[in-house]
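Over in TrEMBL, the protein carries these features:
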- 288-364: domain 'B5' (DOMAIN)
- 342, 348, 351, 352: Mg(2+) binding site (BINDING)
- 558-650: domain 'FDX-ACB' (DOMAIN)
């Protein structure tokens, strides 16, 4: 945004050179993009448009940074002198305030040199005296202004009103010709300034041709209004028109700016156009209120590390137009400037004090290291290693909120002061939100493998129990993933060095046991009635952190190759896999290193049978096994299957 160096110097003579302004504003957290011959291109932050997108605003900042308070001119809207005008705001959600002033003027094609220079410095084209004053007042105060030719506005439909201004949404099929000659049909979502005959302007964006002010205009209606930023932004984007006014209104300008801008415009028109005001109407349904924020000195010192007195803080805030009242030895009650709608709480005030104090003055201090107990460090290290292992197994980590919107169990912990209705209860399990993650991702992937490590909460008598759990969800379209999940868990436990974990079948799920105690469960279910399956597991990591990653015992690598044989067989579908592996576990000894399930099938074509395929891994540490030796070992395992489970070898 361009600013005139001459106008800044006129408002505050102590601004210094353009180079000094650049340095001062940079230190005050404003970015100066470019310094031209007579202007500065200053980047105004989006939340500072209301107070700083104006020459008075930047002058206030420069003065405050130098310890000088800039005194703003007093607002003076004058008094009603008799002309009749009616203003009606029909859309109060779109327009918060509308000031209309009727004024007789002596307009001319050319404006005084000082006005034209400022407009040109700021990238605006001079048009005629009245229009130029509107733009000049906007540059001074930050409030967009507009003027209508009084005689071109239709007479009001009410007896007491000679002219009537209506703020409303456009009617279906309404059209307007803008000041640049562009004709368009308006949608019903477009906010307009209208008279009884139709739209005069697109509110906050562009004036219309019908009530255009020219050099022959003798009487005007001046508009200074406050519009809903969202409405202006959406309409400007929809109709493809961006103006200085639309940019400003899209950044949440304070309604209080309207009277400030109008006051300045009236003063300049009286001086340069021999203006004589008539009626002044200010329709302001819901007035903006100043707010008081409590400033705690001790909190500020702890937050920033700056040692400063309450009196000095009070002085700095007053430089910005705030008023501060001492409430106690370390507490201030700070009333904010109405234009500063970006300042809402203590942190915002603290930022303002730090800016004026000087960020570069804050002394560097070494960070305080939080000393954790050996147990706490071990738990943190365990969680990070566990995450690395799961990522290495091909799972993606997810992060979910620790909240639910409704109580879906009896043991949920309810928050006394929830941030929102959908965050009222602390989660008791990780699985509900993991299930939702799977559903969300199934639209884009044929297979989903995700995990989360996080806190869960539940009541234990009269105390809240907090645990760290691992949740895993595995899903694949048109495939059962239960054994894939079991394989992931087995490999995870192997890699963290916990060999004592067992799986025990119970009803429709597997219990995960460690040293005889339940630490988790694994189960499979239909995914949202789609027929697709999702396998879910939840493990309490607190029970494992003390034993995981214990000292490893290394053995010499076997020099001789292993021999692998697969055995496929049928058994009754009533026989649980757990029972089969419980028996086969006894056969994993000597040269039989491992027996694992690699395939499983159930189908109508098998009747009441199910098909299983085992992989038998055999190896000797002394020599290479022969086919005959491997065959004998496999034969023994087959006999165990036949005698114990009546297995039919395929």
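Please read every residue number as a count from 1 along the shown chain.
The backbone N, Cα and C atoms fix where each Cβ goes, glycine too.
Quick caveat, the model's predicted, so the values are computed rather than measured.
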For residue 348 (Mg(2+) binding site), what is the secondary structure by DSSP, using just helix, strand and coil?
helix
Give me the sequence-ordered set of same-chain residues, not including 342, 348, 351, 352, with a C-beta within 8 angstroms of the centroid of the Mg(2+) site's C-beta atoms.
340, 343, 347, 349, 350
For the binding-site residues listed here (342, 348), which one has the lowest count of neighbouring CB atoms within 10 Å of its own CB?
348
Number of Cβ atoms other than its own within 10 Å, given for residue 352 (Mg(2+) binding site):
22
Secondary structure tally of the domain 'B5' (288-364) (DSSP, helix then strand then coil):
33 helix, 16 strand, 28 coil
Go ahead and report the DSSP secondary structure tallies for the domain 'FDX-ACB' (558-650): helix first, then strand, then coil.
33 helix, 33 strand, 27 coil
Residue 351 (Mg(2+) binding site) CB neighbourhood, other CB atoms within 10 A:
14
The domain 'FDX-ACB' (558-650) [mean pLDDT, rounded to integer]:
89
